[in-house]
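Take a look at the structure set out below.
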Amino acid sequence: MSSSRVEQGLAVAESEPPRGNRSRFAFACAILASMTSIILGYDIGVMSGAAIFIKDDLKLSDVQLEILMGILNIYSLVGSGAAGRTSDWIGRRYTIVLAGAFFFCGALLMGFATNYPFIMVGRFIAGIGVGYAMMIAPVYTAEVAPASSRGFLSSFPEIFINIGILLGYVSNYFFAKLPEHLGWRFMLGIGAVPSVFLALGVLAMPESPRWLVLQGRLGDAFKVLDRVSNTKEEAISRLEDIKRAAGIPEDMTDDVIVIPNKKSAGKGVWKDLIVRPTPSVRHILIACLGVHFFQQASGIDAVVLYSPTIFLKAGLKSKNDQLLATLLATVAVGVVKTLFIVVGTCVVDRNPGQTLKWAIGLSVTTVMSFVAAFSIGAGPVTWVYCSEIFPVRLRAQGASLGVMLNRLMSGIIGMSFLSLSKGLTIGGAFLLFAGVAFAAWVFFFTFLPETRGMPLEEMETLFGSYSANKKKNVASKGKGKVVVDEQ
C-alpha cells in the first residue's frame, strides 16, 4: 500500500524550505463562508425600511408589523436547531450551500408576495436559512483558521452582517423611489441574487479539516491543513492535535481510517452537552448561552429594525428622510467604530407638532454610537467566542444551541419593541436595555476566560471553574503548546 499524505508530509517536513504566509487561503475561505452573513444582514437591513411601505400597502396593524419584523428570528430556530446535526452529517461546506438555497427561495417568495400570509411563508423559508447560516459560518471559519488568526477571521460573519445591513439600507433608499406596491417587493426579492453567487463560491472552498478527521478522512484533512499552514510541520502538528481531541490513536496515519468506537453523527452529543456534561462542558455551555443571550437582550435588533421609527419620533416625518437618516447613520458607523458614546434616546423631545433639529441630530448620533459600540464588542466577539470554545465533537450542536437562544431573544425583541416603546416610551425602553447591558458587563467580566491564542483542541482546559477572573495567564509557547501559570 502506498504511503499516505500524512506520512509523505512527515518525510519532508524538516527539509522543506519556508513557503511564506499561507493564511491568505484561510482568509479566502473565511470570506466565502461569511457570504451567508451578507445575505442575512441584507434581510435584516432591508426589512427595516421595507416595513414602512409594506404596512401601508398591505394595510397592516402595528401588531402584524411587529410579528412580521421579528418572526424571522423565531422561524430561524428551525434552521439553527437542525444545523448542528446537518453539518455533522453532510459537512460544513454543504450546510452553507443549504443555507443559501433557503435564502434564495425565501427572498423570491417575499418579493412576489401579494398578501400577509404569503409574505409570512417567505419569511419562514428565509428564517430557516438564517438559522443555518448564523451557526455554520463562524464554526467553519474557526475550524479552518490557524490559532494565530482565528479571532480575526472568525469575526468576519459579524462584519459581513453589517455590510449586508448597509446594503439593505441602500436598497431601501433607492427602491423607495418606485411606486409603493413595487418598491418593497424589489427590496426583498433582489436578496435572492447573492445566494446564487454564494452557491458558486462554495465550490472553491475545502471542507473543514476537523469534520474530515471525524469522518476518518485523514488524508483529505491534512491536504486542507497543508494549504492553510506555513509549513508541513505546522500542518502535521495541527492534525495530531485534532486526532488527539477526536480520540484517534497517533499510529493511525492512513489517508482513510475507520474511527474506533465512532458514534454516528450527533449520537450521544445531547447527553454529553445537557444530560451528563463534565464540569468544563457545563461551563462552556453556560458561557455560550450567556453571551448569546446578552448580545440580543441589550437591544441591538430594536435599533437595527426600528431606526426609521426612532427617527420618526425624533421629528423626521418623511419616509425618504427616515431612510436617508438610517443610511447615513449606518455608513457613519464604519468611520466611528472606536467611539463609545453611550447617550440614551430618552432625552429626545416629543412635543407634538414641533421638530427640533438638535433632537434629530442627537437621535441619529445615539443610534450610530449604539451600533458602533456593538460592532466592536458583543457583535463580533459572540460569534468568535462561541465557535471556538466547544470540544470538536460537541462544537456543531453546541454552537447551534447558542444560535437558537440568540435568534429567540432577537425575535422577542423584534416582535415586542413597538408595544414596549408605547408602554415605556422609546426612552424608557432603551433605559431597560442599558440595565441589561450592565448585567452583561458583569457576566462577561466575571465568567468568561480569555481564549486568545489557545489551540481549539486545548480550549476545554480553560473551563470548569466559574470564576474567569482568577488571574490566569495563558501564553502560547513552542509548537502550539500552551502553558497556564497560576499567580
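Each residue, glycine too, has its Cβ placed from N, Cα and C.
Features as listed in TrEMBL:
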DOMAIN    29-452  domain 'Major facilitator superfamily (MFS) profile'
TRANSMEM  25-53  transmembrane segment
TRANSMEM  96-118  transmembrane segment
TRANSMEM  124-147  transmembrane segment
TRANSMEM  159-176  transmembrane segment
TRANSMEM  182-205  transmembrane segment
TRANSMEM  323-343  transmembrane segment
TRANSMEM  358-386  transmembrane segment
TRANSMEM  426-448  transmembrane segment
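Within its own chain, the transmembrane segment (25-53) is flanked in space by residues 65, 68-69, 72, 96, 99-100, 103, 107, 126, 129-130, 132-134, 136-137, 140-141, 144-146, 149, 153-154, 156-169, 171-173, 176, 180, 183-184, 187-188, 191, 194-195, 197-198, 201-202, 204-206, 227-228, 301, 304-308, 319, 322-323, 326, 330, which lie at least six positions past its ends and keep a Cβ under 8 Å from the stretch. Residues 28-29, 32-33, 35-36, 38-39, 42-43, 46-47, 49-50, 53-54, 57, 93-94, 96-97, 100-101, 103-105, 107-108, 110-113, 122, 168, 171-172, 175-176 of the same chain sit 6 or more residues outside the transmembrane segment (182-205) yet have a Cβ under 8 Å from a Cβ within it. Long-range neighbours of the transmembrane segment (96-118) within the same chain, counting only residues 6 or more positions beyond its ends whose Cβ lies under 8 Å from a Cβ of the stretch, are 33, 36, 39-40, 43, 58, 60, 64, 68, 79, 86, 90, 124-130, 132-133, 136-137, 140, 185-186, 188-192, 194-196, 198-199, 202, 205.
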